[in-house]
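These notes are about the structure you will find just below.
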Amino acid sequence: MFSTIFGSRTTEPSPSPATDARYDEPPSLSASTAPRTVARRGHAARYITADEAKQIDAELMGPHGAFSLDQLMELAGLSIAQCVSELYPLGPPLPLDANGIKQKRTNERVLLCCGPGNQGGDGLVAARHLTQFGYAASIFYPKESKGEIFKRLKKQCENLELPLIAPAPLASSSFPMAPDAQANAFKRALTQADVVVDCVFGFSFHGPPRAPFDFVLKAFKATDRPILSVDIPSGWDVEKGNVDGEGFTADALISLTAPKLGVKEYAEEGRTHWLGGRFVPFAMVKERGLNLPSFPGSMQCVDITMSAPEQ
């Protein structure tokens with residue numbers, strides 16, 4: 001039964017656009033008293049190219065930024081988890097049913113689909129935080145990275161007994177299986193999920209998706225489950241978007257650091273769009289003209305959804 005894959009843990013004022021686009025000083029302390037869902041809806045952050053995204057990452061991890069990759073993944077993953085909790089709030093605990101079995105809470109089952117790169121690492125971090133938030137998170141991780149960072153992130157998830165669907169050679173995986181069985185396992189997971197988080201490909205992805213991710217993107221297009229994509233819907237061109245119209249369209253998007261050019265049209269259609277990654281130094285924001293919004297209170301993500309165009 002797939003219910004064992006997800007586990008059985010028991011464990012505003014009207015929004016208005018941000019008016020201060022300088023972002024050259026921290027928000028005032030009074031912001032900490034604002035409701036968690038205060039938004040900066042319609043804030044016109046600048047959309048950046050793939051090269052700019054790479055430059056920003058390099059600068060953040062360079063001598064001036066002084067961040068490590070671990071830190072950036074941790075902060076990005078936390079912002080993803082917070083975005084999930086804002087868009088798909090976890091329902092209250094329910095009493096046991098007549099048979100003494102725990103009942104599923106609203107939005108409880110979150111399936112995180114993680115690719116082999118840094119985007120997948122962000123997803124592993126998000127899964128850990130969501131588990132701590134009380135969600136029943138499950139990870140589809142068919143092609144794991146070999147780097148030490150990713151091994152530690154995976155181990156952290158295993159320490160929480162977080163279900164992991166992965167290839168047969170990985171004996172520590174919760175559900176090791178042969179590659180030809182992965183598609184069926186993924187489809188079963190997808191049908192049982194309340195929410196899906198797309199952490200497959202990031203802004204450095206190029207070319208058509210290959211196995212084992214080709215069937216994942218096809219399933220995304222066919223499913224009726226809500227999908228939150230991270231940075232850009234997997235398979236889209238980071239600057240040109242859904243070029244041939246064959247890609248899936250996410251129900252919601254969380255851009256990291258700054259929104260990418262490829263999702264500009266998506267955002268301008270008024271689709272749900274959040275920004276995460278509250279770690280860019282104020283001086284960098286100003287020098288690069290990113291025009292990022294302020295974040296409310298202690299939140300690591302902010303709603304920048306634009307108004308839908310009039311018909």
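Cβ atoms are placed via backbone N, Cα and C, with glycine included.
Predicted automatically and left uncurated, TrEMBL annotations should be read as such.
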**Request:** Going by TrEMBL, Q119, S234 bind K(+); tell me which of D57, D70, D194, D198 is listed for that site too.
**Result:** D198
**Request:** Give the sequence-ordered list of residues that share a chain with S234 (K(+) binding site), lie 6 or more positions from it, and have CB atoms under 8 Å from its CB.
**Result:** G115, D198, V200, F201, F205, P209, F213, V216, L217, F220
**Message:** Return the count of C-beta atoms lying within 10 angstroms of the C-beta of D122 ((6S)-NADPHX binding site), excluding that atom itself.
**Reply:** 32
**Request:** Using all protein chains shown, find which of the binding-site residues D198, D231 scores highest when you count other CB atoms within 10 A of its CB.
**Result:** D231
**Item:** Shell list (K(+); ref centroid = CB of Q119, D198, S234; cutoff 8 A)
**Value:** C113, G115, G123, C199, V200, F201, G202, S229, V230, D231, I232, P233
**Prompt:** Once the chains shown are all counted, how many other Cβ atoms turn up within 10 Å of the Cβ of F203 ((6S)-NADPHX binding site)?
**Reply:** 26
